Amino acid sequence: MNLENVMPRKKPDTKDKTGYDSIPMEVQRFSIVIMSIWPYLQKIDETADASFLGWVIASFSLGQMVASPIFGLWSNYRPRKEPLIVSIFISVAANCLYAYVHLPASHNKYYMLVARGLVGFGAGNVAVVRSYIAGATSLQERTGSMANTSACQALGFILGPVFQTCFALIGEKGVTWDTIKLQINMYTAPVLLGAFLGILNIILILAILREHRVDDSGRQCKSINFEEASPDEVQDPQGNIDQVAVASTNVLFFVVLFIFALFETIVTPLTMDMYAWTREQAVLYGGIILAALGVEAVIIFMGIKLLSKKIGERAILLGGLIVVWVGFFILLPWGNQFPKIQWQDLRNNSIPNTTFGEIIITLWKSPRDDHNEGPTGCPIEQAWCLYTPMIHVAQFLTSAVLIGIGYPSCNVMSYTLYSKILGPKPQGVYMGWLTASGSAARILGPVFISQVYTSWGPRWAFSLVCGLVVLTITLLGVVYRRLIAFSVRRGRIPE
């Protein structure tokens, strides 16, 4: 779901040249809904299978990928309030549709697919949010503001499953509002909360958000809100954007999100295979690990604000990639201890080994749904289980900590550098393409890891990831000197 609070706070004019501090409080991740999608889908439409679940999950990112450039282009030529309000309204409507997908007599799964796609479409407004921050902050303020935004996203990552767990107390039956035929239960309560907060966001945007724009030095620029510009406002500086740096940063951002998407996807199947954890254990411990990574990310984002002032964004990006590489390298299996094998054909109880949708199923199943856990361990259907050493718990936890350090560092530095490379011109379209590349990564990452891991095992899967990171570090080295701010490249501001 997409919960965007864009709440700029007016600062004293004596200290703030930008006028507004825009810190989007976005709980954008769909973690608040993801755990309940599969049982809800099965309840409303018995014809839905795991393959269709994969499409439902992917539809969010597909919708965001399509919408991001559209909303970005819109924000370049019109007040940003317009695309923000329209996108949030779409999300509110989509959440309401999701709450009513049980009503139609047939084809209910397709209504859910449309609802999730529209929620993702509304989430495309993150490009508008980032372009607003880029235009409302000077170069010195940019990194801190972007880090604040990322910290809010990490907070949403942590709180999403917490909300879902609380709503589970309502139960599957819940209560029904007969007048409007609305069922309020553990499946619909999260989206209804999303709809409510979306309406609240629209009110806040109308009441608080103001167009504001400065150049890289922090001087007031003419905005696009169709108001009279003051005499001391400066016009956009002329000059061409370094398209090589722009394209390279898009690739870097894609790889960073691709790697983390596949990591969070593989946590549950990997731990069930390696440590013979039950579904309940895997979901519980995996959730704790991912929540801990969210807390770690918030700390990293706050530390980055200080560290970037000393060593710069490019150095942090490079360091983050190296840390990620070390994290995945540690995951490579070694030694002579092998995982426990499931010698029995488990059929529906086995670790999913075909589609992305089936892997998602393991993220929500627990003994509450099937009191017989059945055999645990690495399924015999995965031939590599017989000859691949197990990944020790210490390896896995060390890797998770390192990836939890490297990913947030690379994430925030990627789009911070991107915004600086673009300069003070309207960045909506470019930010839209950056968001679209991230959405594509979140689609392809789980597909990649589910296929490679199932067919060839963790040794090949993580070796390929390490190779991809090495290529990314090489690309960063090639374009390192070009990843500088627009005004620095034009000689207007010293580096």
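Using N, Cα and C of the backbone, Cβ positions are placed for all residues, glycine too.
Whatever TrEMBL says is automated annotation, not expert-curated.
Database features, via TrEMBL:
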DOMAIN    1-484  domain 'Major facilitator superfamily (MFS) profile'
TRANSMEM  52-72  transmembrane segment
TRANSMEM  84-101  transmembrane segment
TRANSMEM  113-133  transmembrane segment
TRANSMEM  154-171  transmembrane segment
TRANSMEM  191-209  transmembrane segment
TRANSMEM  244-263  transmembrane segment
TRANSMEM  283-304  transmembrane segment
TRANSMEM  316-335  transmembrane segment
TRANSMEM  396-418  transmembrane segment
TRANSMEM  430-454  transmembrane segment
TRANSMEM  460-480  transmembrane segment
Listed stretch, out of 84-101, 113-133, 191-209, 283-304, that has the most CB pairs under 8 angstroms to the transmembrane segment (430-454): 113-133
Which of 84-101, 283-304, 316-335 contacts the transmembrane segment (460-480) most, counting Cβ pairs under 8 Å: 316-335
Surrounding residues of the transmembrane segment (396-418) on its own chain - C-beta under 8 Å, 6+ positions past either end: 130, 142-143, 146-147, 150, 154, 246, 249-250, 252-253, 256-257, 259-260, 263, 270-271, 274, 289, 292-293, 296-297, 300-301, 304, 308, 313-314, 316-317, 319-324, 326-328, 330-331, 430-431, 434, 483
Listed stretch, out of 84-101, 244-263, 283-304, 316-335, that has the most CB pairs under 8 angstroms to the transmembrane segment (191-209): 84-101
Whole-number mean of pLDDT values that fall within the domain 'Major facilitator superfamily (MFS) profile' (1-484): 79
